[in-house]
Amino acid sequence: MSQEQLEKPIAYDIKEEEATKPPEATEDKEKGVVAEASVGQAEGEVNQKNPEGTITIGEALEAAVLTAGNKPVEWSDAAAIQAAEVRATGRTNIMPGGVAASAQSAATLNARANSEDDKTTLADVLTGASSKLPSDKPATRKDAEGVTGAEMRNDPHLATYPTGVAASVAAAARINQAK
């Protein structure tokens, strides 16, 4: 089976101003400190863009494992994961071997699987998602809208899964907005 047969295009919308690449960041979750590769900021200095207690997009993806981990990956899930990865990293293309690429591959294989037992689940794809992203950012309302739109556009019924990827990012955005 060729690589072209395994890939199915997934459409997503990104505004140009949201497509700028943020600096790469790593977070020490115990200390709430972000070490960021940027000029003028010392390593280990607290990053004001990600205040302590906010939920990142990567963490929201991991939360989807808790709520919908046993759900087989579908095209709508792969599209939502791709939109989330793009928004978290600021890159307009998906990374080979990243979370979105894994989700696309799983959706392709699941579409061809003969039994439910052979299907790849969201837990298989999203476990450890925040560590697989080269950079991450707190979830915002615009991120939630973009992820929800991508999931809906790629669902045959134009709906989102109630406890799926879009719901997790939306919940994270609501929590962050309340802070």
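From the backbone N, Cα and C atoms, a Cβ is placed for every residue, glycine too.
Remember, TrEMBL labels are computer predictions, not curated facts.
The region 'Disordered' feature in TrEMBL is assigned to 1-31 (among others).
According to TrEMBL, the compositional bias 'Basic and acidic residues' annotation covers 13-31 (among others).
Assigned with DSSP, the residues of the domain 'SMP' (55-113) fall into helix, strand and coil as follows: 41 helix, 2 strand, 16 coil. The domain 'SMP' feature in TrEMBL is assigned to 55-113 (among others).
Residues annotated as domain 'SMP' in TrEMBL: 120-178 (among others).
Annotation source TrEMBL lists region 'Disordered' at 126-159 (among others). Secondary structure of the region 'Disordered' (126-159) per DSSP (helix as H, G, I; strand as E, B; remaining residues coil): 18 helix, 1 strand, 15 coil.
As annotated by TrEMBL, compositional bias 'Basic and acidic residues' applies to 134-145 (among others).
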Mean predicted confidence [pLDDT] for the domain 'SMP' (55-113): 96
